[in-house]
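Structure provided below as structure tokens; questions to follow.
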């Protein structure tokens, strides 16, 4: 075998470098992909050329076989546009190439796939057309400059192939030699699609914010939209006409507009009570006038200036007159006689009557209209060094940071006491800090951070490995040196061709090509505009290293392939579903009307009534949105197994092997190359030929004297049989034909292409031609028609088959959700209210006197109190009372709040005007000590005393309650008045009707130091209510449930509501006996008198015992509301309802009067105790009956609770005990 020649294509390392550089500079070099061919095997048994000669030039005279030398085989490739009738001439428009000498007569390179010597790579910088014609020639190298090379065999193949990483295997089985090869088309990095012309490189900068999916579609990052994802998605509802944004979620208003959505115009400066439809207008609201809408035409209704039930009359713009009721005067009826009588000034403030009512001069430490606001002693902050000030009563407290201490955080704290230093020699205290003297190798304030020796050592993004007292730099590719400081020069080998200048870069190089050359090594001389990559009539301009398409006005993109959405960059106004108006300087009106693109690139929109539309489709398209390409292959125009490829209003036939022509109607003449030797006659077959040999020659091409069969006679594993005058091939399964060259089962059966895709056979593989709207190797991936974001205002895009539909967010409509629905169109606001349209809603601006969402509600007058305007129906607290505005009238509950607690020896007076802080009496101190505690008293005002007495009860509008407290749960310094004040401030009293006046007074118990007697009384009671009983029941319920956040309630041990003692029903006997004695004295009948006296005393003793039973019955009436949870009725138990007595009187007072104590023997007791859970238990107990034996009523006794009963003295009284 001759030594291989030095010709051939560059080695594999250089080709990889070329591919890398093209990928990095795809925009510059213009290459979008490459066609690859790899030789797998060669069979040339006799070592012959196509013309029948031997590669070595000498043939054995006996058997006519070539004996001297084998062929030096190499291959040439020519790639051109698809030809239905293949011609050997013409340029290789898609590229050409060759291999070096890779073998002899017969060789097999399948085991060494990936070897660079048997591969040919043809880069292309145009949109890959998928259909192609390939010419492959096997040549014999002569290895000298005189003798030309000779062709061994050539093959041609026309077909279709999609870009893929998978190889397709093709075979040449006719002629002198047989060879097998594989092909594929791959796209360069960042290029996608069937044509490798969809460019997508992820980026996140000014020019775009997107990633790329597997099909090369730009997937916008969240918040971005547009073809290049460089248009920010504004805040939902942002006016497309008056707002814009540069960042997602923003909404920047144009000049003259404002609001969250830039949909509210800015009124004229100084416009007070006016609105606008366009900027700088001032359209007055109802009852307002003037140029700036500052003249009130209904001053009375707007301001309600007349106080104290004065009548207001409008007399002109901003003018009114008040008619005051008796006892009031002034322009607004604000002057009241004797305004200070109600003592309105709190905290020892002094009241002075003025022409407008009164003014309060507050004592030190208090401020406000009524001196009710405590002055903040922490303003300004008295705490130094960042201390937090806590306001106290007439003082403050500083919470200091850890570095400071002292009353005002003025002293430096010694931080070294906490031993913060970890790996240090010593700790030194500093002002507001400390210093640690670290040991070698440690750093940080606490010497707890190990020093990183790698810090700042390695350069050029090298990684550093920290060592013990050292480091080591691991350099990235392209750098060297101890610190990776030296850039490796990739230009040292001068890789650039044709005068290109090499520019060294990091781990790579770049060739700057002269004019007319391009490619990664300046090896290509290509006109980038041939063929024209620009679409839609755009003109192509060739540049030194790229091309430029000048797009028509309505198209954009690198190749002018995308419809331009003018409204993404320019403010548009929606006219209807088909048309939007955009600003333009090219028309006299300054407006240009453009399509909304709802019908896509293949149709024109026609507007219909009711906001609907229809699409008028271009030729070759149909469907609602003109998204379906009409199938021109439906009539099966391709013959003889040809595959029809549908185009736009056209089709193309891809012929099977052996056929050619526009409709594959012509059988290819396989005898055109005269394959039969030594006078043999060639007969053409389908994709094959047959030689009728003469003069004793045999074989496929009449080239043998010995046998009709050789290794290349039968293809695809067929077995050849010599039948003397001819040969016969026995084909394996799946193959047929004279030489087993026709596939019986096509790789397209069954059709592997989905969704209407067309399958094209390519050797032992197939290629799917997908319908528009589908992608992928077998057409299973639906093209994302929703990218990038065609729907406005947060509309949801529904992706279809080559179409999309926008499902609009609430409040928007239109094919792309650009139309904001006007909810005010139905006039939802009542009584002349102004309707303001909003996103998916509206707002009604009500005229005076109306309120509600639609202004249907008629509102009352507002109230003016303490200089504040209170809306009708509003509630607020005033000391211990609750007030409410009711149609201009202030209604407050009438609970007497009592004297206010205060602190003695304060620098400022805490009491209201006219009062002073007086020390509490010793017997009023409930939880000792009460040092410094006082009460606000006035010498002119006498303390309010309740009208309740020891025998008062509900029918007297009174109640007497005794509270027993657990003092261990109470804070020192509490007085009786403190406890009483907290009772008056309970929420249950704030809901009492304003028609009643409630008084609560408290006194300490004389017999027990943990008890307080509370008297509740009411005045102005109508016949239809009993507030005292209601308040008493609520207090008992509050205590029993431990409800509320009051510490007072938590400390209550028990509550006793006392009854009035029953009067002895024998009191009427005294006058009766006197009358009898008088009659006896007059009649002088001593015997009769003695008999009569004895007679009357006997019934008296019976009458004396009767009240006990009645008294027992009287208990039940008071307990109708309280159910005994542990009560059980035995067989001998009398039902409780039998003890009811409607005439019984109820008394709830506990007293220590000696006369009452003597009558306690006639009283019964009801008692409820707290065990683990609150329960009510009624106990009825007497010490002794007249007979001398103790009695217990079975209905009111429970053994489980008797263990907790009070002493005999306590049980002689009848009470509620909680």
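Residue numbers in this text run from 1 along the chain shown.
The backbone N, Cα and C atoms fix where each Cβ goes, glycine too.
Not my notes, these are from Swiss-Prot:
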type: SIGNAL; residues: 1-33; note: signal peptide
type: TOPO_DOM; residues: 34-1067; note: topological domain 'Extracellular'
type: DISULFID; residues: 238-251; note: disulfide bond
type: DISULFID; residues: 253-262; note: disulfide bond
type: DISULFID; residues: 271-282; note: disulfide bond
type: DISULFID; residues: 340-351; note: disulfide bond
type: DOMAIN; residues: 412-448; note: domain 'EGF-like 6'
type: DISULFID; residues: 421-436; note: disulfide bond
type: DOMAIN; residues: 450-485; note: domain 'EGF-like 7'
type: DISULFID; residues: 529-540; note: disulfide bond
type: DISULFID; residues: 534-549; note: disulfide bond
type: DISULFID; residues: 617-626; note: disulfide bond
type: DOMAIN; residues: 629-665; note: domain 'EGF-like 11'
type: DOMAIN; residues: 667-703; note: domain 'EGF-like 12'
type: DISULFID; residues: 676-691; note: disulfide bond
type: DISULFID; residues: 786-797; note: disulfide bond
type: DISULFID; residues: 791-806; note: disulfide bond
type: DOMAIN; residues: 820-856; note: domain 'EGF-like 16'
type: DISULFID; residues: 824-835; note: disulfide bond
Quick one: average pLDDT across the domain 'EGF-like 7' (450-485), no decimals.
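Its mean pLDDT is 84.
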When neighbour density is defined as the number of other C-beta atoms within 10 angstroms of a residue's C-beta, which of the disulfide-bonded residues 238, 351, 786 has the lowest density?
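Sparsest of the disulfide-bonded residues 238, 351, 786 by Cβ contacts within 10 Å: 786.
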I'd like to confirm something. Which of the disulfide-bonded residues, 251, 529, 835, has a Cα closest to the Cα of residue 797 (disulfide bond)?
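When the Cα distances are compared, 251 comes out closest.
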Using other CB atoms within 10 angstroms as the count, which residue among the disulfide-bonded residues 340, 436, 691 scores least?
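Least crowded of the disulfide-bonded residues 340, 436, 691, by Cβ count within 10 Å, is 340.
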Relative to the Cα of residue 238 (disulfide bond), which of the disulfide-bonded residues 253, 262, 282, 617, 824, 835 have a Cα no more than 10 Å away?
253, 262
How long is the line from the C-alpha of residue 786 (disulfide bond) to the C-alpha of residue 421 (disulfide bond), rounded to the nearest angstrom?
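Distance between the two Cα atoms comes out at 62 Å.
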Using C-alpha atoms only, work out the spacing between residue 351 (disulfide bond) and residue 271 (disulfide bond) and round it to an integer in Å.
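Roughly 41 Å, rounded to the nearest whole number.
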Please identify, among the disulfide-bonded residues 421, 529, 626, 806, the one with the smallest Cα-Cα distance to residue 253 (disulfide bond).
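Nearest in space to residue 253 (disulfide bond), counting only the disulfide-bonded residues, is 806.
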Under a three-state reduction of DSSP output, how is residue 824 (disulfide bond) classified: helix, strand, or coil?
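Where residue 824 (disulfide bond) sits, the three-state DSSP reduction gives helix.
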Calculate the distance in Å between the alpha carbons (Cα) of residue 549 (disulfide bond) and residue 540 (disulfide bond), and round it to a whole number.
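Approximately 5 Å lies between the Cα of residue 549 (disulfide bond) and that of residue 540 (disulfide bond).
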Among the disulfide-bonded residues listed here (340, 436, 617), which has the Cα closest to the Cα of residue 529 (disulfide bond)?
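Checking each of 340, 436, 617 against residue 529 (disulfide bond), the shortest Cα distance is to 617.
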Can you tell me which disulfide-bonded residues out of 251, 262, 340, 421, 534, 691 are within 10 A of residue 824 (disulfide bond) by Cα, answering none if there aren't any?
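Within 10 Å of residue 824 (disulfide bond): none of them.
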Pop the Cα-Cα gap between residue 540 (disulfide bond) and residue 534 (disulfide bond) into the table, whole Å please.
6
I'm trying to understand the geometry here, so how far is the Cα atom of residue 251 (disulfide bond) from the Cα atom of residue 262 (disulfide bond), in Å to the nearest whole number?
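Residue 251 (disulfide bond) to residue 262 (disulfide bond), Cα-Cα distance: 7 Å.
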Would you kindly give the Cα-Cα distance separating residue 271 (disulfide bond) and residue 540 (disulfide bond), rounded to the nearest Å?
58
According to DSSP, which kind of secondary structure is residue 282 (disulfide bond) found in, if we only use helix, strand and coil?
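Its secondary structure by DSSP: coil.
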Considering Cα atoms only, can you say which of 262, 271, 436, 676, 691 is the nearest neighbour of residue 617 (disulfide bond) among these disulfide-bonded residues?
262
